[in-house]
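**Student:** Before I ask anything, let me first share the structure, which is written out below as structure tokens.
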Amino acid sequence: MELWSWQDPYLREVVWFALRCRAVTLLLQASLFPRPGCCSALFNLLIPDHAADAFSPPRLSEAGPWDAVVERLLGGLSRWDAEHFLFIAERGYLYEHNCAFLPLYPLSLRAAAAGLLWPLGRLLRVRSRLLLAAAGLNSLCSVLAAAALYGLGRAALRSRPVAFLAALLFSLSPASVFLAAAYSESMFACLVFGAMWQLERGQSWLSGLLFCLASGVRANGLLNAGFLLYSLGRRFALRLQAAPGSVGMLLPLWKQLLSLASSAVLACAGIFLPFALFQFYAYLRFCELGTAAEPGVPQALLQLARDRGYRLAAMDGVKPPWCSQRFPLVYSYIQDSYWDVGFLRYFKLRQIPNFLLAMPVTLLGSWAAWTYVTANPRHCLTLGLERRKSEEGKPRAGFCSPAIFVYLVHATVLLVFGFFCMHVQVLTRFLGSSSPILYWFSAHLLQEHEPLLRSEGTGNQTMASHAERSLLASSDDACCRGTPENPVVRLLVNYRLITPLSKCLLGFFLSYWLLGLILHCNFWPWT
């Protein structure tokens, strides 16, 4: 059965809603009536720009009138880590700490700015074209990610309402500002959700290719090797249970084991390859060059390195400490030395506000894990490798279905690692761009506990109010016309009628969406 077709009215609604949300996000951060140094007059009335101690390289080329327009309209997309991506796209990996950001996203920006936006070269400097490329590329990737999440939900959840609602919630993600800004989250979500969806469809090679590309975007893409390994292992285990081995089956079993091992090695090698190649590139660049300063580096960038302590390639003839390590990984060294990332290093009293910032997504992720484990204890204990008679007929649908197990394990690993080993405030965008669980579980809770989303009640439910019944009738009429009503808009319009749980969930999504725009585009710390 085709699970993803433009003829599907639900898919069309997902795409149009994603496009509208991206447009609203860009409009809200735009500097329609800017003051110098501000990204948004509207938001600057509320919160002034913060003098952040962040990477901010000097602008070397003179800005023209059209550059000023682009900076005022899209300047909010270039805050914090976005400066790194834009700088790498323009100048390459000049400074050592730039190597914390993997190359596929900045390479894509550079290609778009030099290719698609080449006709604008006489009007705009490189940075302005990179900003335009970031706005367009991230909008495209976020819309494709929403569509891929819908297809993935249809395949894994086997529930169109939950898949539809989850894909709509993604467009209002608490990490929306990072899906719009010049960050790699949007591209990563697009590749990862697409890879997961293709794996659910049985397209292992295409899934592996997309996972491979994702590991060239963000380092946590390496964990996605687990999806391919689990898929291989589960198929092997279920085959053994379907046809138990015997003496006559010994040789075929060994052949299957060899095939399984070779496939696992190939899958891991493909996913680890982009990351390994980039570490090798960094080693050649910073550990094997001559002692002279790199030629062609503008004096302003050399001065910035001296003022801020940034390390250039083989600066002063001294190799970085990580070059002498047994496994010279520049990524791990930067996380440890520049940003003090490590186990329990963030557990300090002054970081309590950041832990509070990460609390909603932490509670939601923990609740999702608890809900699934309590609903499927045996399935979790056997790692989903046991063939059960109850699964041989029509598979169980919804969030607690067996197919969700591997996604829940992945999300839980990310949650635990992020909470104990990372700057905890990034958990929201870390999970929001890497796992569908945040959206699936939120959709599950809304679908299960919100009366306005139920088309019909059960015997033990109270009768809906007249307003609710009218709402349900209008929804049924819309579905009959082939234009499904947007349940997120429906809940927001009837906010007074929804349950406290629904208000909390929607409040979390919308408040983080809006606060992220207000704070991030004014250079204040956010998730």
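Positions of Cβ are set from backbone N, Cα and C atoms, glycine also.
Take a look at what TrEMBL says about it:
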TRANSMEM  130-150  transmembrane segment
TRANSMEM  162-184  transmembrane segment
TRANSMEM  204-229  transmembrane segment
TRANSMEM  260-284  transmembrane segment
TRANSMEM  355-373  transmembrane segment
TRANSMEM  404-424  transmembrane segment
TRANSMEM  504-526  transmembrane segment
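Describe the structural context of these features.
**Tutor:** Within its own chain, the transmembrane segment (204-229) is flanked in space by residues 102-105, 184-185, 187-188, 191-192, 194-196, 198, 264, 267-268, 270-275, 278, 331, 406, 409-410, 413-414, 430, 434, which lie at least six positions past its ends and keep a Cβ under 8 Å from the stretch.
Long-range contacts of the transmembrane segment (355-373) within the same chain, counting only residues at least 6 positions beyond its ends with a Cβ under 8 Å from a Cβ of the stretch, are 174, 380, 399-400, 404-405, 408, 411-412, 415, 419, 424-425, 427-428, 431-432, 437-438, 440-442, 444, 508, 512, 526-527.
Within the chain carrying the transmembrane segment (404-424), a Cβ under 8 angstroms from the stretch's Cβ atoms is held by residues 156-157, 196, 220, 223-224, 226-227, 230-231, 339, 341-346, 351, 354-355, 357-358, 361-362, 365-366, 368-369, 372, 376, 379-380, 383-384, 430-431, 434-438, 440, all 6 or more beyond its ends.
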**Student:** Could you give the residue numbers and ranges of same-chain residues that sit at least 6 residues beyond the transmembrane segment (260-284) on either side and whose C-beta is under 8 angstroms from one of its C-beta atoms?
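**Tutor:** Answer is 93, 99, 102-104, 208-209, 211-213, 215-216, 219, 221-222, 224-225, 228-229, 232-233, 236, 323, 328-331.
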